[in-house]
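Database features, via TrEMBL:
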| type | residues | note |
| --- | --- | --- |
| BINDING | Cys78, Cys81, His82, Met201 | heme c binding site |
| DOMAIN | 65-217 | domain 'Cytochrome c' |
Amino acid sequence: MKFFQAASRWSKNHKFFLTSFGVLAGGGSSLIYALEQSIHASNDAAHVAKQKWNHNGWFDTLDHASVRRGWEVYKNVCAACHSIEYLAYRELVGACLTEDEAKAEAAEQLIDDGPDETGAMFKRPGKLSDLLPKPYPNEEAARYANGGAYPPDLTYITQARIDGENYIFALLTGYMDPPAGVQLAENQHYNPYFPGGAIGMAQALYDEIIEYEDGTPATQSQCAKDVITFLKWCAEPEHDTRKLFAMKAFTVLGVLNLVVWYLHRHYWSVLKTRKILQNPKSLFKK
């Protein structure tokens, strides 16, 4: 009897704990969501439209032809101001360049190295193991060259911005003349998708600003889509592998679920199908 009373008390406490936890978790989630929405509502930037990205599905992979074209856009347009300092040339192999192409790209750069046997620093051609070089030696030089604005590193930019790809696409294609009454400082440009509207970065992408090697028409929107796909790959080089492993895991777990379900029914079938009969007459005879 004491055992059943203790079990009953534990069951009630357990239910109370789960109920309290559910209420607190739900209330906390609602509060966080409300605070986030209030922050977005107070933002003075234009609403970002949702774009259809080929890699956004659960089992969709990156368009590697687009990644290759995005590398061309970055190399010829964006690399003049923005760095991708956490990416090495060897990581481009198999993703958007062949090994020979990556070696040739690296060899075009002069990398600081040393010291040599005399203690002096020297420059050498780049190798696959080298990181992509920065356009400026330090932040002060970058600000001086860009009128006080500091071009951010682009390695993880799609992860570092809310609504990453959609926001960057809107920003790259959203430049326009300032509306009446809006005054911009020198070296500033108007973009309604940037908080405040005044942005230090000039419009970088135009129609036919580069010529793609594969012959794809280099419209402004195409260039923006390709460079964003490339930056998505920079931020998540394991993107395709992770989804492939997820697909394998779901397949294996699905098979294991069937096996466990069958074993459960097999082992418990004796207890679940048994019938307990009671004969009251035998009790009275005793």
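Keep in mind that glycine also has a Cβ here, set from the backbone N, Cα and C atoms.
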Which residues in the same chain, at least 6 apart in sequence, have a Cβ under 8 Å from the Cβ of Met201 (heme c binding site)? Cys81, Asn146, Ala149, Pro151, His189
Which number gives the other C-beta atoms within 10 angstroms of the C-beta of Cys78 (heme c binding site), all protein chains shown included? 21
Specify the count of other C-beta atoms within 10 Å of the C-beta of His82 (heme c binding site). 22
Shell of the heme c site beyond Cys78, Cys81, His82, Met201, same chain only (C-beta within 8 angstroms of their C-beta centre): Val77, Ala79, Ala80, Pro151, Leu154, Ala204
